[in-house]
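Here is what TrEMBL records for this protein:
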type     : residues : note
DOMAIN   : 24-179   : domain 'Pseudouridine synthase II N-terminal'
ACT_SITE : Asp39    : active site, nucleophile
DOMAIN   : 180-220  : domain 'tRNA pseudouridylate synthase B C-terminal'
Amino acid sequence: MNSGILLVDKPQGITSHDVVSRMRRLAGTRKIGHAGTLDPMATGLLVLGVNHATRLLHYLVGLDKEYLATIRLGWDTTTDDAEGEALAAASAEHLTGATREAILAAMLRQTGVIEQVPSAVSAVKVAGRRAYQRVRDGESVELAARTVTVSAFELLALRPGDGFVDADVRVECSSGTYVRALARDLGADLGTGGHLTALRRTRIGAFHVDEAPALEGYDVARSIMSPADAARRALPVASVTAEQAVDLGHGKRIDAAAVGLGGAGRPEAGADAAIAAVAPDDRLVAIVERRGATFKVVTGFPPEEAGE
């Protein structure tokens, strides 16, 4: 199996690791990694790397995300989603006050650059262990707030129920943002409590769930995206000559002035910007960074060998 990127539409009820395990069997290789997991209750886009393309995942993890979600206003849960135990329900007065105008105003306060405390059952590490592992062991976990960016928090529909209001929303956010925490904090702001009942990831950077096949009946050979094509969606691209590709393959620096930039990101990519170096045969040779007047290899991608 050649190296490349696979897009998968994860179904509800299985873990992201379950998806990776299935894809390892389908691809006939154990060297498959992911660019960010989804909870079992969530559906939507997983981006997987196969063989040498796992080295590209580091540059995809930090891309912005888009989600469709349903937030239930009416009570909190121990996990900030529907899988946790329900806590105290909101009073009728608070629930009546959760009008469209009040909800929109509260959502606006959660939009932009905000300080967000991750859910206690998140994968954030506390002294070397995942927070959710500590919670399962009965420990009390307090996580520090982190700065995240919610670039869009859009109300799509409101559906009142018996003792609750469901809000269908669309979220665009930076990597590291917890939509469960948005649900929790929206409920806290309104005084109703809130938790997530549905979550679907629709986009990671320029990768969209609409182009991701379902897991059932997945055809790896037809679906695999070349490392070069994937890199073009996420990074500025340096088109190098065959000779420059050989030099980069040997870890040598090349003259930056002799290389034109294209692809995603700003053409004037700065010194710390990761840049994809692509050879004339459309092979991703390396990820490079500018060092003075040269490009230096930071991640190499060796040529495919027979049988890979």
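Each residue, glycine too, has its Cβ placed from N, Cα and C.
A TrEMBL annotation is a machine prediction, not a hand-curated record.
Among residues of the same chain six or more beyond the domain 'tRNA pseudouridylate synthase B C-terminal' (180-220), those with a C-beta under 8 A of the stretch's C-beta atoms are 1, 6-11, 19, 22-23, 26-27, 35-36, 38-39, 41-47, 60, 63-77, 79-82, 84, 87-90, 94-95, 97-98, 102-103, 106-107, 109-110, 116-119, 122, 150, 153, 165-167, 171, 230, 233-234, 264. Helix first, then strand, then coil: DSSP counts for the domain 'tRNA pseudouridylate synthase B C-terminal' (180-220) stand at 15 helix, 14 strand, 12 coil.
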